[in-house]
Amino acid sequence: MFSSKENSLGAKRAPFSSNTTSSQRVAAQAAKRASSGAFAQLTSSQIQELKEAFALLDKDGDGNIGREDVKTMLTSLNQDASEDSINHMFESINPPINLAAFLTAMGSMLCRISPRNDLLEAFSTFDDTQSGKIPISTMRDALSSMGDRMDPQEVESILRSYTSHGVFYYEKFVDAIAGSKDSN
């Protein structure tokens, strides 16, 4: 069926030497489970976006992101593509990086980001008084003319439940979609 050095998916297992203690094996397996747990936290849309990003980075189409892929990407973005810069990018993971390793690494990184704080910060740029409220006209304009533009029906469906007296209560909206501040 599969060799003892491969799992059921055909992925290579890290061989343990005869000097490896059982506690070292358990620690290594726990670390592996923790990192794959980050991958499990990704939504299907995040996975799809990350797959698309992976495909863009995999310039030669070999199913792996290597040093040359990163160098090509950095050069095309007019960024520092020196060996030092590339080495820095690969400090925590060894190239080449396959899709599973990329998703796990990105999942781990995304888990450390606080979506609640990021959303509050984004909304606060429209809140001159830092009151947790934004004039509804400002929100309509921003949602229909900036970034991923929304049509009027989409704008109204988002704003409807969090609007009163001509203002959008963005803190309540953020609490609803990213969890309240008490849960973070």
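Keep in mind that glycine also has a Cβ here, set from the backbone N, Cα and C atoms.
The annotation region 'Disordered' is assigned in Swiss-Prot to 1-29.
Annotation source Swiss-Prot lists phosphoserine at Ser36, citing experimental evidence.
Across the domain 'EF-hand 1' (45-80), the model assigns an average pLDDT of 84. The domain 'EF-hand 1' annotation in Swiss-Prot covers 45-80.
As annotated by Swiss-Prot, Ca(2+) binding site applies to Asp58, Asp60, Asp62, Asn64, Asp69, with the evidence given as sequence analysis. Its Cβ placed at the centre, Asn64 (Ca(2+) binding site) has 17 other Cβ atoms within 10 Å.
Annotated domain 'EF-hand 2' per Swiss-Prot: 114-149, in sequence order.
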Non-site residues, in chain order, whose CB comes within 8 A of the mean position of the CB atoms of Asp58, Asp60, Asp62, Asn64, Asp69 at Ca(2+): Leu57, Lys59, Gly61, Gly63, Ile65, Gly66, Glu68, Pro96
Sequence-remote partners of the domain 'EF-hand 1' (45-80) [C-beta within less than 8 Å, at least six residues beyond its ends]: 86, 89-90, 95-99, 102-103, 106, 110
Number of other Cβ atoms within 10 Å of the Cβ of Asp60 (Ca(2+) binding site) across all protein chains: 11
Least surrounded among the binding-site residues, given as Asp58, Asp62, Asp69, when other CB atoms within 10 Å are counted: Asp62
Three-state secondary structure, which DSSP defines for Asp69 (Ca(2+) binding site): helix
